[in-house]
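Before I ask anything, here is the structure I am working with.
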Amino acid sequence: MEKKSHHTPDKDELVRFGVSFPAVLIEQFDRYIREQGYTNRSEAFRDLARRAILEPSRFTADQRVAGTIVMVYDHHSSDIPQKLTELQHTFYDDIISTMHIHLNSVLCLEVIAVRGEITNLRALHQRIQVMKGVFYAELSVTYFEEMSAGHAHD
Ligand code: NI
């Protein structure tokens, strides 16, 4: 017979707990969550917790994650299209897909879907960020391998 020494919590089990807030802060928080479209505090807290857990700075160097690099650049600036292509070929192992949108006659928006060790993704992001002609580049992590199976896609 199978013996279980530890209670394994059901992935969908909800745990209730009490939180103390200064009155002013909860007033501001309630206003914030209304503006964000939440109908209750619990869902807002859950989203904030998930966002905190996915903050890129908290991962260890070899942790495997998935996410996106979103960037805006001036495609006329020097040889940026060519440099960007070369860079993406260097990181081919970490890049799943790239979407390019011509925003106007000058600016391009590029969304790079990435999956790999956070160190590599950070290195790629940094290389993009310092390129001449890049106005904006942000790495955001939306998934890591140890994430609850209940929220993973298969
Ligand atoms: Ni373009």
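Here the Cβ of each residue, glycine as well, is placed from N, Cα and C on the backbone.
Checked TrEMBL, it gives:
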- H89, H100, H102, C108: Ni(2+) binding site (BINDING)
- 66-141: domain 'Transcription factor NikR nickel binding C-terminal' (DOMAIN)
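Provide an account of the burial state, proximal residues and distances for the features listed.
Around the Cβ of H100 (Ni(2+) binding site), a 10 Å sphere holds 12 further Cβ atoms from the protein chains shown.
Mean pLDDT for the domain 'Transcription factor NikR nickel binding C-terminal' (66-141) in this predicted model: 95.
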Reported in the order helix, strand, coil, what are the DSSP residue counts of the domain 'Transcription factor NikR nickel binding C-terminal' (66-141)?
23 helix, 36 strand, 17 coil
I'd like to know which of the binding-site residues listed (H89, H102, C108) lie near ligand 1, counting only a CB under 6 Å away.
H102, C108
Show which residues of the chain containing H89 (Ni(2+) binding site), separated from it by at least 6 in sequence, have their CB under 8 Å from its CB.
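Counting only residues 6 or more apart in sequence, H89 (Ni(2+) binding site) has no Cβ neighbour under 8 Å.
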Which one of the binding-site residues (H102, C108) has its C-beta surrounded by the most other C-beta atoms within 10 angstroms?
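Result of the Cβ crowding comparison: C108.
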